[in-house]
């Protein structure tokens, strides 16, 4: 039929037998013309529909668009001309074939369609159509045959159809021009990422990334150089898609979980029924015990399962499908190579075959390899981006869950464990996603390999398959063991990171008590277990590697042996051998990768379980908190009962309470009565038992322990709200922050560090209050905000913020307070006891009622006046039953004596006192400066010296220094390195030997052609080939074992050095370095050194030697190939140099941008109640998304850089294959089939090996960055040695005499002095009180005594010994401190008291008795073994402070420092601590940093500090008599003489004798 259509022959059946490759003209004019046209017309409707759906605003006409349209227009004109020529041809000639009419008409219509498509693309972001590019490529390729036919026809006959030929040549040229134009992309200003607008050719070759690589080569890349990720990869887009499917799948999983629970319940019921009339069986007891343990630990083995993987699949199924198709095409094309190799060997072996066939085979080899490269790299790009998306999804979802998780579920996880979910577990899922298709792909490749091997060798291949099958269960057993080891290791890692988190959080306490060695041992012990598992895992992996490496060798040896042994006529020739070897090489990859993928999947399954358990945990149930904007009351409790744990009794019980809008309500009660729980219930932080709470309007919350974000003071106060300068200034003034801003460098733009590390407790609390005040909410929940400020500041804040005339006047305020003198000014008082409301009413009504509140209040006033210490009302309180004077009495009490839970706060004490005459002028000046600052934020270079407390994370640039590699190699050990290299070299020798031996074996087919093959020769060939194969496996096993041992040793050394150095770093390092940044070294970087780096080093060594071996073998066969290697090597090296510079820096950027994600997460978890109260979850989610997107743009860029490199390397590899094949064709007369097979079978491997080599080079350099980052912290400057040769005498200090001589100190070299020439003598057993405002130098004095700060000048001597001359532990171990913040660590109570086990149980119990904790600890279930949780939430602040007192009592050193030790405790606890100190430390030198003047009035001497100088120093009597700063402070506190302070002793006696009821400490 087609013959008639063309009037010529359609197909020539003897084409392959002709000396010239010439397709029939009819075939060229029909099939080769129609293929591209059919492709275009089939896809055009779908393309136009897609354009219609995704169209955006039409872009302006560009030169590219015009050029392409003009060229297509020219093609249209040429088609018209051709049609006219056909129609006007001489009718006298022979009949014109139909094809001459149809082709121009088809082209005419097609070019019109192309014009339409190109025009429609102008309304899309992507102007170039990928399918149009494919059409042009197909059209040009198909036209090539017609092009060469016309050329040859014209050369034979110059007048043959010249016009038609010219039209074709012009059309062909235009098509090439259009394809060239299509390779360039038209820029779109709406897109920041060029990948969005990149052309098809640019995308498949990753050429759009060239500019980044060039930039990275010229200079180190910065974050600004990296393009933003495309919208589809952003966290918000991905998570929104993920959550839709997650909701459905989680719902199904929960139903399945409930069914499992019901079945278990029924089974247990039956079990109990069987044992009803018998004593409980052992099994039931064990079951019950297990339940108890699970309940206690907060963990359950069962939870909603198997939903996460389904959700991920449903979210990303399109990417999975596309990547599946690409991998399928790649795998199928892989099996064309052995067939082409076979054809080439046949071609060389047959001297009669035509040369053009050889060239066609060589070109086909190159074409197949090129298509494979495009498919593989696009596949990898998709999969790695998918992995990145999965990682993004996990991190964002875990963060979002953390914002909604219930408190009960949250308690099951430490912060370290949750961070691990975001880092380690997310990474495991990313890794497995990258190679998920290898599961089915490996199976497909194995099956196809076996099939093609059967075709070559027949049933003999079954012997090889049998070997593979036998090894499957072995690999399965090893994989299972590896999973268990991995699971254990994750637990050890979690524990280690938890301890590290605590160490870093409580570093100052460790240094004060010289406890670093104890905690170092704890970490080392866990690390030993971790490394033991790591070694076992590495050894198991070595065995797996050995089996994987040996399997293809065993299979090939077995198969070849059986093939030649079963039939004497079976002789192994080059065709069979090298085709089979190529198939065995194909088989090697899936065989080696499948167990790795299975192992990765097993590891990922552990992570999936952990993530499913966390993400399926219960959310905070706020259904009991009803918000009604039209409600007539501000807050209403209706029969409300709430609990922290449903397994425990309710903490808040049957509360009925109405609070009207605008009221100021004080909540008072005993310690542990439920005041804070009542506030938490209102915030929805507790589990509802029954009843509900109705709230009208928005809430703001000030927690008891202030939560400060790492940022500026201004950011903390604004808390995401719009900046209103007038309100902002009012808030600063009302919260008494203006004087503090004057002290701080940079004012409100000063960075205040992680957790507000460089602020006092009072400053943090006032910033917390300012944050709430600025928000302009309807209801303010204030949990004891005045506890951290002194009396004058408290009064100022109450009057200016909380009180009737304060900033929040008109707002509803619930105030938990311990300050009696404010109670008369509140609208209502709520008295809480044991979770219930005892009384409620106004101050006067409660007094009139004469209930618990009035009774305790009168008792307080009576005992105060009975001693005659405080005279406030001229005898108006004589009648005990008369309440009329109580209001005035309470109002006129000296605040310093009534405020029962005060914390250090002297900054405003000074600035608000009468001694500050210039206060007004300074405040005005500061306001003006703040206005200037808020109007225009200073640039970074304008920031005041010392303003930026948190240093920007240091990032190396350029090549990783050789010293880093050297450090790692030294850590491995030079003996191990030599052994590893030697083993791998032997492996390469065995590899070359086995190939040469196989080549010699196949040449036997020529030697013994037609004759009997000697059995001895056959056996020799088999034996040596088998020995060489076994040698390859054994050398890999030895190298892997040696490497595993050496790398584990290196990991141990680096971790040990890092830990030792971090523990020895000065406090200034921790003050300027966020904890998350340090933890990242112990988590991510150590994990890289443990797992990834050893693997990449091993792979690099194997790839490098494999390439050298292959090139040696090719050059041995064809020496001329050495000439081609040189230019290819230059290209290879150039590409690598360009790539490595970029990749290395991108990896560094990845590390630097990852730390803030974890820091932000840790910060969020610690401030959850505040974030929820302000309803700022969405803002924090957005911040997290921005952080993730910033990190992921570095990851995405790194992924693209890998693909950019791989494509170019594979191109080099493909050129090696093409060059080798070309050489075989050119020199076929001098080569034999076995040489061709030998060369090409190895050349086919080089593409993949080259790719892996550069990837491993990059991976190694990328991963060695972890060693670089660890080394950075190993090199951190240490504080002084813990122990020196000069040690103090035994029993030192025996007196406790301290002398400061012209002592000067500064916090950091670039900062000013904080102590400026301190001179004073403290005699033995003296009691010294130290006072002064914030910034005066009080805490600095303490830090100097412990050498937390080192002297900038002068010296301190204790008992005649200069403390700078002895070791830090010799010094700190002999001093004792009770710090302001009572820090405890996870572990037992005993460990917290005595981490070194230096004391007996009797001594510890005695210390607890003196600390008034014996009965409490004895009453605990496990006594001294009772575990303290990470957040210390199972002990009150008072109990923690008493434990700190217990530490001091155990030490019983001659010098005791009280750094505002009773600042955060109530009167009872304060009294207990003060009494114990007076009794037990009477023979010691005691230095007290004062928060209340009354506590230091019985001191021998008072030291008044101001601006780093001692302004007064003398006995209290002397200082009160002089008209100095201390005298003014005392008068303001109501102290006129030393005897005035007897109030405290009286109150203490009453409380101790039981004459004061517990309410005394609570009506506060």
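Yeah, the Cβs are placed from backbone N, Cα and C, and that goes for glycine too.
Pulled from Swiss-Prot, these are the features on record:
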type	residues	note
BINDING	1332, 1333, 1334, 1335, 1336, 1337, 1338, 1339	ATP 2 binding site
COMPBIAS	258-267	compositional bias 'Basic residues'
COMPBIAS	909-918	compositional bias 'Low complexity'
MOD_RES	279	phosphoserine
MOD_RES	281	phosphoserine
MOD_RES	876	phosphoserine
MOD_RES	925	phosphoserine
MOD_RES	929	phosphoserine
MOD_RES	1436	phosphoserine
REGION	258-283	region 'Disordered'
REGION	909-939	region 'Disordered'
TRANSMEM	28-48	transmembrane segment
TRANSMEM	69-89	transmembrane segment
TRANSMEM	94-114	transmembrane segment
TRANSMEM	127-147	transmembrane segment
TRANSMEM	166-186	transmembrane segment
TRANSMEM	436-456	transmembrane segment
TRANSMEM	586-606	transmembrane segment
TRANSMEM	970-990	transmembrane segment
TRANSMEM	1032-1052	transmembrane segment
TRANSMEM	1096-1116	transmembrane segment
TRANSMEM	1118-1138	transmembrane segment
TRANSMEM	1210-1230	transmembrane segment
*residue 1336 (ATP 2 binding site) CB neighbourhood, other CB atoms within 10 A*: 25
*Sort out the residues at least 6 away from either end of the transmembrane segment (1118-1138), same chain, that have Cβ-Cβ distances under 8 Å to it, and list them.*
213-214, 216-217, 1111, 1205, 1208-1209, 1212, 1215-1216, 1219-1220, 1223-1224, 1227, 1231, 1235, 1239, 1250, 1254, 1257
*For the transmembrane segment (69-89), which recorded stretch in the set 127-147, 166-186, 1032-1052, 1096-1116 gives the largest number of Cβ pairs separated by under 8 Å?*
166-186
_Sparsest Cβ surroundings (other CB atoms within 10 Å) among the binding-site residues 1333, 1338_ = 1338
*asked:* For a quick check of understanding: among the binding-site residues 1332, 1337, which residue's Cβ has the most other Cβ atoms within 10 Å?
replied: 1332
*Which stretch from 94-114, 127-147, 166-186, 1032-1052 shares the most C-beta pairs under 8 Å with the transmembrane segment (28-48)?*
127-147
*Could you list the residues of the same chain, at least six apart in sequence, whose Cβ is under 8 A from the Cβ of residue 1339 (ATP 2 binding site)?*
1459, 1489
*Reported in the order helix, strand, coil, what are the DSSP residue counts of the compositional bias 'Basic residues' (258-267)?*
10 helix, 0 strand, 0 coil
